[in-house]
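Read the structure below first, then the notes.
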Amino acid sequence: METLFSGIQPSGIPTIGNYIGALKQFVDVQDDYECFFCIVDQHAITVPQDRLKLRKQIRQLAAIYLASGIDPDKSTLFIQSEVPAHVQAGWMLTTIASIGELERMTQFKDKAQKRADGVPAGLLTYPPLMAADIVIYNTNIVPVGDDQKQHMELTRNLVDRFNSRYNDVLVKPEVRMPKVGGRVMSLQDPTKKMSKSDDNQKNFISLLDEPHVAAKKIKSAVTDSDGIIKFDRENKPGISNLLSIYSGLTNDSIKNIESKYEGEGYGKFKGDLSEIVKDFLINFQEKYASFYNSDDLDDILDKGKEKAQKASFKTLKKMEKAMGLGRKR
């Protein structure tokens with residue numbers, strides 16, 4: 001069975017877009033792959049974090065994974081910082097990465113421009129750590145969005161470089177992009193991706209938003225003025241985005257939804273979608289609360305840590321042997 005790896009930062013509550021574009025799709029592939037789902041808290045500290053808030057968000061994200069349908073008997077759910085092999089392998093890959101290729105990363109350049117107080121080295125070395133997250137589990141498939149595509153290209157280059165310079169130790173991962181309709185955009189600016197870090201609260205729906213507040217956000221979402229419910233990302237980005245949300249939460253095809261609302265106005269469509277979103281959040285948050293407040297959550301994370309440590313140790317030892325680190329035993 002092939003291995004799939006994905007990591008999410010505990011830097012805020014995931015949005016309904018993260019659920020439709022990632023979490024929901026993870027649930028669907030649990031039977032097809034050996035899945036490792038990682039809460040990447042060491043990536044989160046590349047920007048300043050309040051320690052108590054970070055700890056809370058780590059637990060919240062774990063509960064959100066489980067509420068989404070991740071089954072700990074099928075998948076490995078764990079916290080990055082509890083598996084030392086991540087940073088150990090990350091340092092090894094950092095030694096074969098060049099400053100130039102790290103500085104060319106678009107995310108580094110964007111974030112560096114916003115840091116008037118100096119650029120942390122961790123922002124620059126983020127990609128080799130991300131590469132290590134992936135390769136230490138002999139990952140075959142990595143589901144990523146467009147924003148991580150450049151990092152994945154670097155990961156594949158680092159794998160080639162390591163295998164060429166040392167031994168053919170690392171598995172070269174393949175990138176899997178989200179399915180069509182799986183990308184959810186901002187509610188007020190549907191030309192950009194929905195983001196949990198957006199300054200405008202009306203642009204996104206958090207998975208822990210009050211359901212009635214989320215319903216209002218749907219009703220006030222930007223659309224065009226022609227009143228035709230049709231998926232056309234280029235010419236009708238607003239209504240296309242709402243169709244993606246409707247389809248993602250109901251599992252109904254966009255084509256069927258278009259037929260259902262043929263001749264109907266946006267008011268009827270938005271009203272129905274707002275109820276769908278509200279009902280989804282009520283159900284989701286009930287599951288979330290049951291996991292967040294349960295001792296079972298810690299048992300699940302402990303089990304995941306042990307499994308991840310065992311799996312990553314094997315690859316780490318191969319990397320160390322290939323590079324000549326430590327003593328021969």
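Glycine residues also receive a Cβ, built from the backbone N, Cα and C atoms like all the rest.
Among the candidates Val135, Val184, the residue that Swiss-Prot names alongside Gln9, Pro10, Ser11, Gly17, Asn18, Gly145, Asp146, Asp147, Lys193, Met194, Ser195, Lys196, Ser197 for the ATP site is Val184.
Between the alpha carbons (Cα) of Asp146 (ATP binding site) and Asp133 (L-tryptophan binding site) lies a span of roughly 19 Å. Cβ neighbours within 10 Å of Met194 (ATP binding site), excluding its own Cβ and spanning all shown chains: 23. Between the alpha carbons (Cα) of Met194 (ATP binding site) and Asp133 (L-tryptophan binding site) lies a span of roughly 25 Å. With the fewest other Cβ atoms inside 10 Å of its Cβ, the least crowded of the binding-site residues Ser11, Asn18, Asp133, Lys196 in this structure is Lys196.
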